[in-house]
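Participant: TrEMBL lists 1-27 with the feature signal peptide. Here TrEMBL flags 24-218 as domain 'GH16'. Among the features that TrEMBL reports, active site, nucleophile is placed at 104. Taken from TrEMBL, the feature N-linked glycosylation site covers 112.
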């Protein structure tokens, strides 16, 4: 697996979804948009608010959250993940509401030993229920450069994107009785923390604290969203293409390419876990 990344070249992958390459004048500012919530000086904002870092050592990890809540939108951020031996660490970037019936949309990056690929873990919670995991390898080394990780969330679907390539589509399946996150505004959260009890090979590989501190970097946060009390009936959305945009034929081909070549787990294919029958949303689309 150490040669996993060899042979893959990083291509410019354009799609006809709303392109969100972040011009400096339009990007968010970490000072203005986020609060550093835990970890003390392990969480830092610098470069006049254009760069943020989270670190983990044996004492603590760190995290931040958005000042605002959002209901629907497109969220983009560029991350450069912990390099080297990152086994046991998890870098999480997600949207979430609060309470026992919370909604949540997750990116989680599970570290690995040097030379082995990160696992990108995705999940969707609705009304407090998750268990909708899909996991992927990436077609590049996410520790060498910044890459853009995006969530498009509208009343019809949730799209997870990496460098503008869709990797997962979760459709609104209310028609078959599956709750969909459409009523609870969510904040943006991120954290870097130790999860060596489960994250790397089920907890077999432990964090090597001699490599600490572990650090991940963030830049070019950009949000085209609806804040506070916006509802799906509100048509005055900033950069509103995300609100109604469907995947076109090219984007669907890219989605199939990712899922064929880089997906390593899909809950909708886990016959052992769902011996009594798959969740109803799994019947809606193979791209859930």
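Every residue, even glycine, has its Cβ placed from backbone N, Cα and C.
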Participant: Could you state the CA-to-CA distance between the residue listed as 'N-linked glycosylation site' and the residue listed as 'active site, nucleophile' to the nearest Å?
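Facilitator: Pair distance, Cα basis, whole Å: 25 Å.
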Participant: Minimum Cβ neighbour count within 10 Å among the recorded positions 104, 112: which residue?
Facilitator: 104
Participant: Would you report the average pLDDT that the model assigns to the domain 'GH16' (24-218)?
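Facilitator: Averaged over the domain 'GH16' (24-218), the predicted model reaches a pLDDT of 94.
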